Structure formats: C-alpha cells, structure tokens
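Trainee: Quick one: the structure is below, questions incoming.
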Amino acid sequence: MTIFDNYEVWFVIGSQHLYGAETLRQVTQHAEHVVNALNTEAKLPCKLVLKPLGTSPDEITAICRDANYDDRCAGLVVWLHTFSPAKMWINGLSILNKPLLQFHTQFNAALPWDSIDMDFMNLNQTAHGGREFGFIGARMRQQHAVVTGHWQDKEAHTRIGAWMRQAVSKQDTRQLKVCRFGDNMREVAVTDGDKVAAQIKFGFSVNTWAVGDLVQVVNSISDGDINALIDEYESSYTLTPATRIHGDKRQNVREAARIELGMKRFLEQGGFHAFTTTFEDLHGLKQLPGLAVQRLMQQGYGFAGEGDWKTAALLRIMKVMSTGLQGGTSFMEDYTYHFEKGNDLVLGSHMLEVCPSIAVEEKPILDVQHLGIGGKEDPARLIFNTQTGPAIVASLIDLGDRYRLLVNCIDTVKTPHSLPKLPVANALWKAQPDLPTASEAWILAGGAHHTVFSHALDLNDMRQFAEIHDIEIAVIDNDTRLPAFKDALRWNEVYYGFKR
C-alpha cells in the first residue's frame, strides 16, 4: 500500500443540455469507457472516479463543493467532451481549492472521413470546448494544467500520472507537520525563514520540540526492540568488524538503534512526516542521529540538518511525488569541488545524513567512526556511493516576499577513485551546463547549500510543483546562459512585486 491508495482523482465531463438526451447518453457512455480504460491500462498512481455530467452551473458548483470537502479527492480532471459554455463553470471554479487538470482529448482518434456528419461534430467538440474552458481559466487567473492527447496515448498517460503525483503531494503537504528538534544552527541565514508564511503558502506546519522530549522517548526503548532492529541491520547491511558482535563499536550501533526507534516513535505519536536536527542541540543524546535519520528518510520522512525546515519539508514533498518511481531521493549538500578543465565535479554529502534510497550498493556499509562536530560519542552511519545518471538538486528559499525554487539539472558519475578515508555516503556529479555557470547562477539566485537530490524526479516534475503552488522557479540546465538568467531574475522581481 502506498500513499496514493488514500486518494482518488475525480473525472468530470463538461457538456450542456442543448444537444439532447441521446447525445448526453453517448457522452456518459464514452466517459465510462475512457475512465475504465485509464484505470486498467494507464498505470496511473491513483484511481480515477467518474462523477455525474456537469451540464449546468448548479451541477458544476455542487461537484466542486463536494471535491473541496472530500478528503479522498486529490483533484479534478475535466474533459470537455462537447461544448460546455464556460460561464457555467465560474461559480464552481471560484470555490474549488483542489488541483485541476483539463484533459484535452476526444473519444475517437481518427476522423471517420466517409461518414462524418454534424451529429458527429456536435458530439465530439473537445477542440473548441477545451478552448472555451481555457478562456475562463485564464480570465479567472485559475491555475490549472492541460494535457492534450488521445486517451489511449501512453505519453498522455505519463503526463496525467505525473500531474496526479503533484495533486496527491499537494493534499499531503496541507497536512504535513514538521518537527524541529532544537532550533537552527546558530547564525545561519538560509535555513531560517517565515514559518507562518510557509504554512499560508504550502499548508505545512513547523514547530519545535525540545531534544529532552525526544530523549525521554529514546530512553524508554526496550532491549528487546533494540535486538530486533539490530537483526534487521545484520540482514540489510555489511557491518564492519568494529560494529559486529564483540566489536569495539557494537554498543554505538545499539545506541543508534535506540535513537532510531525513539525518533520513529516520537514522530509517529506526533503525526510528523518531516523533521530536523542540529548538532548544536543534542543534550541527552549520546550521538548525533546518523543511521536513524538515513533509515527514516528511506521510509519516506523528510529531513534536513541544522534546523533547515524548508528543505526537510521539500524532501517529504518530493518523496511523496516520487513514490513508486525508479530511483531515490535524498537530503544533500554541495560539499566540495574537483576543478579539472572540462571535467569539473561536485562532491555532495553531509556529515552523516544521506538517504540510502540513492545508493548503488545493494548492501551499504554500516560503520561507526569519529565525528568531531557535535562533541558526542562516535555515531553509526551507512556508507555508500550513488547511482549514476541524470538527476536534479532542488532548493526552496524564502525571499521575504515570496518563495523561490531553484533546480539544477545534473549528471551523477562514478567516483573515479576510492575514498578510503571518507566515512560518509556521497554523490559525485557534473552540474549542467558547467560548474562555473551553474554555481554562479545558483549563488546569484540565493540557492541554499542544502538541497534535495533526486534520481526519481526531473525538471518537469519540479516545474509542475512550482506551478501548482504558485511559486517562482529558477532553472539551471544545459540551456542556461548567465546574462539571460540574470535578466529572468530581474523580470521575476518585477512580476512578483506586482502580484503582492
């Protein structure tokens, strides 16, 4: 079972009574056929549910009102099978607070050249019915997506499925609770921000709990529960000699298991699906949570270090969006560079907390090594390299008057040399279009040093995310040129200034 099983998307057909009962009967028949086929063949992440025809203002308004109050409804897909005068949609769209997609399709793929008549033309009017609907969306400044293509086309299936992921993610975000264990890393700017503005814009709440509250739960974990989790570690990872039974770091592994169980219990009891820690606030914990955080991220929790609640929330959102897709998604940090003409590289990592969903190894190494930062006992962690191939890194920043999402398209590569003295998980990548352009654009746009790294999602996913939440996006990819990028930032400043 996945999060998508908790939601459904309503399929709404727009028409009108002008064409008579027989035409509406055929419209309904076509709609039933299309919805059944999409649910059976399109591999959509959640179920489509056909709703009654929308043929009058009252019917349409009732559907939109019901969608708002049905917790299972993630959004609406609208198909204008015939012409549907758009003034009928104004009241409904004005109250709709769920994501909306127009599926610009028609029942037949090919025109019946020899038999086409006006009855056929009146029945199959998506071509101009969709344009009428599009006008009222533009006139009302109604954010909505459009997918054009025949309902049997696999590309259309893929695009509808991607939008569904956004719709479900948006509903999950409205319920998201972010727990901060302690506050920000002292004096750091980009990890701070306006939590009230974030809740207004995205819906997620951010609150702080004392580390002592967590410690109480951690200390209540039984030895039996720890032993069971250690057995899971033994079967899932390659343990170094120091971490095995009778190894001199075995107790550190047991303490890491205690912290993991305590953190998970605390998060479950509070209904949290994202959290932060900071190495400056660990009072009562014997080690910085490393292994615990890595495993919780793999289970779908959002996380970021040093109190960075925006990145923690973004990671959870992207975890939901990517559920069931190939490839992983993780907290990440641009750590250090390799400068080589024509082969500039970025080594990404963090002190400990990189999600094993991006690991290339089937069994990452579980080890315990010294960590000077934090002043605690040596923490347990998983060590691995990252899968190669196309990926993205994304950062959500607070500019005071708006949020900006930065996305850099990257290409992860194999580490050319072993890293015998680097005791943390890592990712190595080439930034698009090149490191000087990418880093300068990122810095000029205010991108954070913390990011969400993903093999599972791509730039199109993040564009949709920005659109569905009505936030600015700054893209850095192979098409980026710094002069044009700077101009776009200036234009955005004016545009969003007018929107205030």
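Every residue gets a Cβ built from N, Cα and C, even glycine.
Relevant sequence annotations retrieved from Swiss-Prot are reproduced here:
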type    : residues                       : note
BINDING : Glu306, Glu333, His350, His450 : Mn(2+) binding site
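Distances, neighbours, how buried they are, the whole picture for these features please.
Mentor: Taking Cβ-Cβ distances under 8 Å and a sequence separation of 6 or more, the neighbours of Glu306 (Mn(2+) binding site) in its chain are Asn184, Met185, Val188, Thr191, Thr276, Thr278, Phe279, His450. In the three-state DSSP reading, Glu306 (Mn(2+) binding site) counts as coil.
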Trainee: In the same chain, outside Glu306, Glu333, His350, His450, whose C-beta lies within 8 angstroms of the Cβ mean position for the Mn(2+) site?
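Mentor: Going along the sequence, the neighbours come out as Ala304, Gly305, Asp308, Thr311, Phe331, Met332, Met351, Glu353, His449.
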Trainee: Tell me, if you would, which residue among His350, His450 (binding-site residues) has the fewest other CB atoms within 10 Å in the structure shown?
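Mentor: Ranked by other Cβ atoms within 10 Å, the binding-site residues His350, His450 bottom out at His350.
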Trainee: What are the non-local neighbours of Glu333 (Mn(2+) binding site), defined as same-chain residues 6+ apart in sequence with CB under 8 A from its CB?
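Mentor: In sequence order, Gly305, Gly348, Ser349, His350, His449, His450, Thr451 meet the Cβ cut-off.
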Trainee: Indicate whether His350 (Mn(2+) binding site) is helix, strand or coil by DSSP.
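Mentor: Coil, per DSSP.
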